[in-house]
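K.L.:
Take this structure, written in C-alpha coordinates, and hold onto it; I'll ask about it next.
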Amino acid sequence: MVPSARYKQPAHVVMEKVDTSSFSKPALNVFASTPQSTQAEVRARLVRFLPSASEADKEKYFIRLSQVTNHLPMETANFSDFYCSLEHARNCSEIMGLEVNPNWYYIPSVYNGRTSSLRVSGQPIRRPWGVISGPGASSQATWSRSKRLDFELEMGVFLAKPLPAGQILDIRNAKEHVFGFVILNDWSARDIQGFEMAPLGPFHSKGFGTTISPWIITIEALSPVECPVSIPQSPPPLPHLAWKGDSSNATWDIELSARILTGKGKTYHVTSTNLKDLYWTPYQQLTHLASAGEGLSTGDIFGTGTISNDRLNGVGEKSGLACLLERILPKNRLACMEIDGLEYLEDGDEVVIEGWCFHPQSGTYFGFGECRAALVPALDQ
(Lines of atoms letter the chains of each structure in order from A; the text may use other names.)
(Lines give C-alpha, C1' and ligand atoms only; values in the text may rest on other atoms or scores of the structure.)
Protein backbone atom coordinates (compact mmCIF):
# COMPACT_ATOMS: atom_id res chain seq x y z
CA MET A 1 0.00 0.00 0.00
CA VAL A 2 1.14 3.58 -0.65
CA PRO A 3 0.19 6.86 1.09
CA SER A 4 -2.82 8.68 -0.31
CA ALA A 5 -3.16 12.45 -0.69
CA ARG A 6 -6.96 12.22 -0.73
CA TYR A 7 -7.44 12.56 3.01
CA LYS A 8 -6.26 14.88 5.78
CA GLN A 9 -3.34 13.66 7.83
CA PRO A 10 -4.08 11.79 11.04
CA ALA A 11 -3.56 14.07 14.02
CA HIS A 12 -0.48 12.21 15.26
CA VAL A 13 1.30 12.68 11.91
CA VAL A 14 0.67 16.43 11.52
CA MET A 15 3.84 18.26 10.47
CA GLU A 16 3.72 21.94 11.33
CA LYS A 17 6.51 23.11 9.00
CA VAL A 18 5.18 21.38 5.90
CA ASP A 19 2.78 22.78 3.34
CA THR A 20 0.69 19.62 3.12
CA SER A 21 -0.74 20.70 -0.23
CA SER A 22 2.63 19.70 -1.71
CA PHE A 23 1.58 16.05 -1.36
CA SER A 24 -1.43 16.47 -3.65
CA LYS A 25 0.57 17.96 -6.53
CA PRO A 26 1.06 15.89 -9.71
CA ALA A 27 4.82 15.77 -9.03
CA LEU A 28 7.18 15.99 -6.05
CA ASN A 29 8.95 19.22 -7.06
CA VAL A 30 7.33 21.40 -4.39
CA PHE A 31 8.13 18.96 -1.60
CA ALA A 32 11.66 18.38 -2.96
CA SER A 33 12.35 22.12 -2.81
CA THR A 34 11.77 22.19 0.96
CA PRO A 35 14.83 22.04 3.28
CA GLN A 36 16.27 18.58 3.81
CA SER A 37 15.52 18.93 7.52
CA THR A 38 11.82 19.23 6.65
CA GLN A 39 11.99 16.20 4.36
CA ALA A 40 13.71 14.26 7.15
CA GLU A 41 10.95 15.26 9.59
CA VAL A 42 8.26 14.02 7.20
CA ARG A 43 10.05 10.71 6.80
CA ALA A 44 10.60 10.32 10.56
CA ARG A 45 6.92 10.96 11.30
CA LEU A 46 5.82 8.41 8.71
CA VAL A 47 8.30 5.83 10.01
CA ARG A 48 6.85 6.26 13.50
CA PHE A 49 3.27 6.09 12.24
CA LEU A 50 3.45 3.07 9.95
CA PRO A 51 4.26 0.29 12.48
CA SER A 52 1.40 1.34 14.76
CA ALA A 53 -1.18 2.07 12.06
CA SER A 54 -4.45 0.23 12.56
CA GLU A 55 -6.19 -1.59 9.74
CA ALA A 56 -8.72 1.24 9.68
CA ASP A 57 -5.93 3.81 9.31
CA LYS A 58 -4.35 1.79 6.51
CA GLU A 59 -7.62 1.63 4.61
CA LYS A 60 -8.21 5.35 5.11
CA TYR A 61 -4.77 6.77 4.39
CA PHE A 62 -3.29 4.30 1.90
CA ILE A 63 -4.03 2.96 -1.57
CA ARG A 64 -3.30 -0.63 -2.53
CA LEU A 65 -0.47 -1.02 -5.01
CA SER A 66 -2.73 -3.05 -7.27
CA GLN A 67 -4.88 0.07 -7.68
CA VAL A 68 -1.99 2.46 -8.36
CA THR A 69 -0.94 3.78 -11.76
CA ASN A 70 2.59 5.15 -11.52
CA HIS A 71 3.72 8.33 -13.22
CA LEU A 72 7.04 10.14 -13.53
CA PRO A 73 7.76 11.34 -9.98
CA MET A 74 9.05 14.82 -10.88
CA GLU A 75 8.69 17.50 -13.53
CA THR A 76 12.10 17.58 -15.18
CA ALA A 77 13.71 20.37 -17.17
CA ASN A 78 17.19 18.88 -17.65
CA PHE A 79 18.53 15.35 -18.07
CA SER A 80 22.22 14.50 -18.38
CA ASP A 81 23.90 11.11 -18.51
CA PHE A 82 27.40 10.15 -17.41
CA TYR A 83 30.01 7.59 -18.50
CA CYS A 84 31.88 6.90 -15.25
CA SER A 85 32.55 3.18 -14.78
CA LEU A 86 36.18 2.26 -15.36
CA GLU A 87 35.28 -1.34 -16.23
CA HIS A 88 32.70 -0.13 -18.75
CA ALA A 89 35.07 2.45 -20.25
CA ARG A 90 37.87 -0.10 -20.62
CA ASN A 91 35.62 -2.66 -22.29
CA CYS A 92 34.06 -0.15 -24.68
CA SER A 93 37.49 1.20 -25.60
CA GLU A 94 38.85 -2.32 -26.18
CA ILE A 95 35.95 -3.12 -28.52
CA MET A 96 37.01 -0.12 -30.63
CA GLY A 97 40.71 -1.03 -30.42
CA LEU A 98 41.50 2.01 -28.28
CA GLU A 99 42.68 2.95 -24.82
CA VAL A 100 40.50 4.90 -22.41
CA ASN A 101 40.82 8.56 -23.39
CA PRO A 102 43.23 10.38 -21.01
CA ASN A 103 40.69 13.10 -20.21
CA TRP A 104 38.33 10.46 -18.77
CA TYR A 105 40.51 10.32 -15.65
CA TYR A 106 40.24 14.08 -15.08
CA ILE A 107 36.52 14.81 -15.59
CA PRO A 108 33.35 12.75 -15.22
CA SER A 109 32.40 12.24 -18.88
CA VAL A 110 28.82 13.39 -19.58
CA TYR A 111 26.39 14.44 -22.31
CA ASN A 112 23.04 16.26 -22.26
CA GLY A 113 20.10 13.95 -22.93
CA ARG A 114 16.45 14.56 -23.78
CA THR A 115 13.79 14.79 -21.07
CA SER A 116 11.26 13.62 -23.66
CA SER A 117 12.92 10.19 -23.48
CA LEU A 118 11.97 9.64 -19.81
CA ARG A 119 9.46 6.84 -19.20
CA VAL A 120 8.20 5.45 -15.91
CA SER A 121 8.69 1.75 -15.21
CA GLY A 122 6.14 -0.43 -16.96
CA GLN A 123 5.74 1.69 -20.08
CA PRO A 124 6.90 -0.13 -23.25
CA ILE A 125 9.89 1.02 -25.27
CA ARG A 126 9.54 1.06 -29.04
CA ARG A 127 12.44 -0.11 -31.19
CA PRO A 128 13.77 2.99 -32.97
CA TRP A 129 14.62 3.76 -36.56
CA GLY A 130 17.94 5.42 -37.38
CA VAL A 131 20.85 5.78 -39.75
CA ILE A 132 23.26 2.85 -39.56
CA SER A 133 26.24 1.58 -41.50
CA GLY A 134 25.52 -0.86 -44.29
CA PRO A 135 27.23 -4.27 -44.28
CA GLY A 136 30.86 -4.02 -45.31
CA ALA A 137 33.38 -1.22 -44.93
CA SER A 138 32.55 0.49 -48.22
CA SER A 139 28.75 0.25 -48.00
CA GLN A 140 26.68 3.39 -47.82
CA ALA A 141 24.67 4.21 -44.72
CA THR A 142 21.01 3.18 -44.60
CA TRP A 143 17.94 4.26 -42.66
CA SER A 144 16.69 1.18 -40.86
CA ARG A 145 15.18 -0.30 -37.75
CA SER A 146 17.84 -0.77 -35.09
CA LYS A 147 19.00 -4.37 -34.98
CA ARG A 148 21.27 -4.00 -31.94
CA LEU A 149 19.07 -2.90 -29.06
CA ASP A 150 20.76 -2.83 -25.65
CA PHE A 151 20.08 -1.80 -22.07
CA GLU A 152 22.34 0.02 -19.62
CA LEU A 153 21.93 -0.46 -15.88
CA GLU A 154 22.33 2.90 -14.15
CA MET A 155 20.97 4.91 -11.26
CA GLY A 156 19.25 8.25 -11.65
CA VAL A 157 19.77 11.14 -9.23
CA PHE A 158 16.94 13.65 -8.83
CA LEU A 159 17.88 17.14 -7.68
CA ALA A 160 16.14 19.16 -4.98
CA LYS A 161 17.65 22.53 -4.08
CA PRO A 162 18.22 24.70 -7.19
CA LEU A 163 21.44 26.54 -7.97
CA PRO A 164 21.11 29.88 -9.81
CA ALA A 165 22.80 30.14 -13.21
CA GLY A 166 26.21 31.74 -12.91
CA GLN A 167 27.03 30.12 -9.58
CA ILE A 168 29.45 27.20 -9.17
CA LEU A 169 28.68 24.28 -6.88
CA ASP A 170 31.16 23.48 -4.11
CA ILE A 171 31.42 19.71 -3.62
CA ARG A 172 31.06 20.28 0.13
CA ASN A 173 27.50 21.47 -0.56
CA ALA A 174 26.58 18.78 -3.10
CA LYS A 175 24.52 16.69 -0.67
CA GLU A 176 21.99 19.46 0.02
CA HIS A 177 21.10 19.58 -3.69
CA VAL A 178 20.23 15.86 -3.94
CA PHE A 179 16.62 14.77 -3.41
CA GLY A 180 17.09 11.07 -3.98
CA PHE A 181 17.82 8.10 -6.24
CA VAL A 182 15.92 5.93 -8.69
CA ILE A 183 16.98 3.04 -10.91
CA LEU A 184 17.53 4.05 -14.53
CA ASN A 185 17.76 2.07 -17.78
CA ASP A 186 19.50 4.03 -20.53
CA TRP A 187 18.20 2.11 -23.56
CA SER A 188 20.77 2.18 -26.36
CA ALA A 189 20.62 1.39 -30.08
CA ARG A 190 24.22 0.31 -30.66
CA ASP A 191 24.14 0.28 -34.47
CA ILE A 192 22.71 3.82 -34.58
CA GLN A 193 25.15 4.90 -31.87
CA GLY A 194 28.14 3.49 -33.73
CA PHE A 195 27.37 5.57 -36.82
CA GLU A 196 26.36 8.85 -35.16
CA MET A 197 28.87 9.08 -32.28
CA ALA A 198 31.58 11.04 -34.12
CA PRO A 199 32.09 13.90 -33.63
CA LEU A 200 29.40 15.11 -31.19
CA GLY A 201 28.29 11.98 -29.33
CA PRO A 202 25.00 10.07 -29.06
CA PHE A 203 21.62 11.47 -30.11
CA HIS A 204 18.93 9.20 -31.61
CA SER A 205 20.72 6.12 -30.26
CA LYS A 206 19.84 7.20 -26.72
CA GLY A 207 16.93 9.61 -27.13
CA PHE A 208 14.16 7.10 -27.87
CA GLY A 209 13.74 5.82 -24.31
CA THR A 210 15.02 6.12 -20.75
CA THR A 211 13.15 4.09 -18.14
CA ILE A 212 13.18 5.02 -14.44
CA SER A 213 11.70 3.36 -11.37
CA PRO A 214 8.79 5.39 -9.92
CA TRP A 215 9.86 5.48 -6.26
CA ILE A 216 12.47 8.06 -5.23
CA ILE A 217 14.57 6.84 -2.29
CA THR A 218 15.60 10.03 -0.50
CA ILE A 219 19.12 10.97 0.44
CA GLU A 220 18.05 10.78 4.09
CA ALA A 221 16.85 7.19 3.72
CA LEU A 222 20.19 6.21 2.16
CA SER A 223 22.36 7.56 4.99
CA PRO A 224 22.78 4.11 6.64
CA VAL A 225 24.47 2.76 3.49
CA GLU A 226 26.97 5.56 2.92
CA CYS A 227 30.39 4.04 2.29
CA PRO A 228 33.88 4.66 0.88
CA VAL A 229 34.63 4.34 -2.83
CA SER A 230 35.92 0.94 -3.94
CA ILE A 231 38.14 2.13 -6.81
CA PRO A 232 41.03 4.55 -6.08
CA GLN A 233 41.26 7.55 -8.39
CA SER A 234 44.60 7.97 -10.13
CA PRO A 235 45.65 10.66 -10.83
CA PRO A 236 43.99 12.34 -7.84
CA PRO A 237 40.95 14.44 -8.78
CA LEU A 238 41.41 18.13 -9.45
CA PRO A 239 40.77 20.20 -6.29
CA HIS A 240 37.17 21.13 -7.12
CA LEU A 241 36.26 17.44 -7.62
CA ALA A 242 38.18 16.08 -4.62
CA TRP A 243 35.85 14.81 -1.89
CA LYS A 244 36.16 17.07 1.16
CA GLY A 245 34.05 15.00 3.56
CA ASP A 246 34.74 11.86 5.53
CA SER A 247 35.90 9.07 3.22
CA SER A 248 33.32 6.76 4.80
CA ASN A 249 30.42 8.69 3.24
CA ALA A 250 31.77 9.39 -0.24
CA THR A 251 29.22 7.16 -1.99
CA TRP A 252 26.57 4.47 -1.29
CA ASP A 253 26.52 0.68 -1.02
CA ILE A 254 23.59 -0.18 -3.32
CA GLU A 255 23.38 -3.64 -4.88
CA LEU A 256 21.90 -3.75 -8.38
CA SER A 257 20.86 -6.56 -10.69
CA ALA A 258 19.44 -6.95 -14.18
CA ARG A 259 17.66 -9.81 -15.85
CA ILE A 260 16.19 -10.31 -19.30
CA LEU A 261 12.83 -12.01 -19.71
CA THR A 262 12.64 -13.07 -23.33
CA GLY A 263 9.50 -13.16 -25.40
CA LYS A 264 10.14 -16.90 -25.68
CA GLY A 265 9.70 -17.41 -21.95
CA LYS A 266 13.32 -17.71 -20.86
CA THR A 267 15.04 -15.64 -18.13
CA TYR A 268 18.71 -14.60 -18.15
CA HIS A 269 20.34 -13.11 -15.06
CA VAL A 270 22.91 -10.91 -16.76
CA THR A 271 24.16 -8.36 -14.21
CA SER A 272 25.09 -8.15 -10.54
CA THR A 273 26.85 -4.92 -9.58
CA ASN A 274 27.05 -2.07 -7.05
CA LEU A 275 26.87 1.72 -7.18
CA LYS A 276 30.02 2.05 -5.06
CA ASP A 277 32.04 0.52 -7.92
CA LEU A 278 31.80 3.65 -10.09
CA TYR A 279 35.11 5.47 -10.64
CA TRP A 280 33.44 8.89 -10.33
CA THR A 281 30.90 9.17 -7.50
CA PRO A 282 27.47 10.83 -7.82
CA TYR A 283 28.70 13.75 -5.70
CA GLN A 284 31.60 14.29 -8.10
CA GLN A 285 29.26 13.96 -11.06
CA LEU A 286 26.89 16.57 -9.64
CA THR A 287 29.77 18.93 -8.85
CA HIS A 288 31.07 18.62 -12.40
CA LEU A 289 27.57 19.16 -13.76
CA ALA A 290 27.40 22.54 -12.00
CA SER A 291 31.07 23.57 -12.29
CA ALA A 292 30.74 26.02 -15.19
CA GLY A 293 27.81 28.12 -14.02
CA GLU A 294 24.96 26.32 -15.83
CA GLY A 295 22.83 26.22 -12.68
CA LEU A 296 20.57 23.45 -11.36
CA SER A 297 16.77 23.16 -11.22
CA THR A 298 14.53 21.24 -8.83
CA GLY A 299 13.49 18.07 -10.64
CA ASP A 300 16.59 17.80 -12.83
CA ILE A 301 17.90 14.26 -13.14
CA PHE A 302 21.24 12.81 -14.15
CA GLY A 303 22.14 9.21 -14.89
CA THR A 304 25.24 7.81 -13.22
CA GLY A 305 26.32 6.02 -16.37
CA THR A 306 26.52 2.25 -16.85
CA ILE A 307 27.53 0.67 -13.52
CA SER A 308 29.82 -2.18 -14.57
CA ASN A 309 32.39 -3.85 -12.36
CA ASP A 310 34.78 -6.79 -12.61
CA ARG A 311 32.74 -9.12 -10.38
CA LEU A 312 32.83 -12.85 -11.21
CA ASN A 313 30.10 -15.42 -10.68
CA GLY A 314 30.54 -18.91 -9.22
CA VAL A 315 31.97 -20.34 -12.45
CA GLY A 316 34.38 -17.46 -13.11
CA GLU A 317 32.29 -15.54 -15.64
CA LYS A 318 32.06 -11.75 -15.64
CA SER A 319 28.73 -11.12 -13.89
CA GLY A 320 29.18 -7.41 -13.18
CA LEU A 321 28.80 -6.07 -16.73
CA ALA A 322 25.79 -3.77 -16.94
CA CYS A 323 24.99 -3.90 -20.66
CA LEU A 324 25.14 -6.37 -23.55
CA LEU A 325 27.68 -4.41 -25.63
CA GLU A 326 30.53 -5.31 -23.28
CA ARG A 327 29.82 -9.01 -23.79
CA ILE A 328 30.99 -8.78 -27.41
CA LEU A 329 34.49 -9.41 -26.05
CA PRO A 330 35.12 -13.19 -25.77
CA LYS A 331 36.44 -12.82 -22.21
CA ASN A 332 33.15 -11.25 -21.12
CA ARG A 333 30.65 -13.78 -22.47
CA LEU A 334 28.14 -15.72 -20.41
CA ALA A 335 27.75 -19.39 -21.35
CA CYS A 336 23.96 -19.27 -21.05
CA MET A 337 23.77 -16.44 -23.58
CA GLU A 338 26.24 -18.04 -25.99
CA ILE A 339 24.39 -21.36 -25.99
CA ASP A 340 21.12 -19.64 -26.89
CA GLY A 341 22.68 -17.13 -29.29
CA LEU A 342 21.55 -14.08 -27.30
CA GLU A 343 23.49 -10.98 -28.38
CA TYR A 344 21.01 -8.10 -28.34
CA LEU A 345 17.38 -7.62 -27.34
CA GLU A 346 14.54 -8.86 -29.51
CA ASP A 347 10.99 -7.54 -29.75
CA GLY A 348 8.98 -8.89 -26.83
CA ASP A 349 11.99 -9.08 -24.50
CA GLU A 350 11.65 -7.34 -21.14
CA VAL A 351 14.49 -5.93 -19.03
CA VAL A 352 14.00 -5.84 -15.25
CA ILE A 353 16.48 -3.93 -13.07
CA GLU A 354 16.30 -3.99 -9.28
CA GLY A 355 18.25 -2.36 -6.46
CA TRP A 356 18.43 -2.94 -2.73
CA CYS A 357 20.43 -1.98 0.35
CA PHE A 358 21.26 -3.65 3.66
CA HIS A 359 20.57 -1.52 6.74
CA PRO A 360 23.42 -2.48 9.12
CA GLN A 361 21.77 -1.09 12.27
CA SER A 362 18.43 -2.87 11.88
CA GLY A 363 19.70 -5.90 9.96
CA THR A 364 17.01 -5.39 7.33
CA TYR A 365 16.94 -4.82 3.59
CA PHE A 366 15.16 -2.06 1.71
CA GLY A 367 14.73 -1.65 -2.02
CA PHE A 368 13.94 0.69 -4.88
CA GLY A 369 11.18 -1.22 -6.62
CA GLU A 370 11.51 -2.44 -10.18
CA CYS A 371 12.68 -0.55 -13.24
CA ARG A 372 11.20 -2.65 -16.03
CA ALA A 373 10.05 -2.24 -19.59
CA ALA A 374 9.32 -4.46 -22.57
CA LEU A 375 10.58 -3.83 -26.09
CA VAL A 376 7.89 -3.49 -28.77
CA PRO A 377 8.41 -3.56 -32.56
CA ALA A 378 9.42 -0.49 -34.54
CA LEU A 379 6.69 1.34 -36.40
CA ASP A 380 6.24 0.39 -40.05
CA GLN A 381 7.59 2.96 -42.50
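FYI, residue positions are counted from 1 along the chain as it appears here.
Glycine is no exception: its Cβ is also placed from the backbone N, Cα and C atoms.
Please treat TrEMBL annotations as automatic predictions, because they have not gone through curation.
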K.L.:
Among Asp186, Asp191, which is the one TrEMBL gives for the Mg(2+) site where Lys206, Thr210 also bind?
P.N.:
Asp186
K.L.:
Write down the one residue from Asp81, Asp253, Asp277 that TrEMBL lists together with Glu152, Glu154, Asp186 as binding Ca(2+).
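P.N.:
Candidate listed by TrEMBL for the same site: Asp81.
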K.L.:
The substrate site in TrEMBL includes Tyr83, Gln193. Which of Thr298, Thr306 is also listed there?
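P.N.:
Among the candidates, TrEMBL records only Thr306 at this substrate site.
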K.L.:
Please list residues from the chain of Asp186 (Ca(2+) binding site) whose Cβ is under 8 angstroms from its Cβ, counting only those at least six apart in sequence.
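P.N.:
In sequence order, Asp81, Phe151, Glu152, Glu154, Lys206, Thr210, Gly303, Thr306 meet the Cβ cut-off.
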K.L.:
At a 10 Å cut-off from the C-beta of Thr306 (substrate binding site), count the other C-beta atoms across all protein chains.
P.N.:
30
K.L.:
Over the domain 'Fumarylacetoacetase-like C-terminal' (79-372), what does the predicted model average in pLDDT?
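P.N.:
The predicted confidence over the domain 'Fumarylacetoacetase-like C-terminal' (79-372), as a mean pLDDT, is 96.
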K.L.:
Going by a 10 angstroms cut-off between Cβ atoms, which of the binding-site residues Gln193, Thr210 has the sparsest surroundings?
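P.N.:
Relative to the other binding-site residues in Gln193, Thr210, Gln193 has the fewest Cβ atoms within 10 Å.
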K.L.:
Within 10 Å of the Cβ of Glu154 (Ca(2+) binding site), how many other Cβ atoms are there?
P.N.:
30
K.L.:
Tell me the Cβ contacts of His88 (active site, proton acceptor) under 8 Å, same chain only and six or more apart in sequence, or just say none.
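P.N.:
Spatial neighbours, sequence-distant, of His88 (active site, proton acceptor): Gly305, Thr306, Ile307, Ser308, Leu321, Ala322, Cys323, Glu326.
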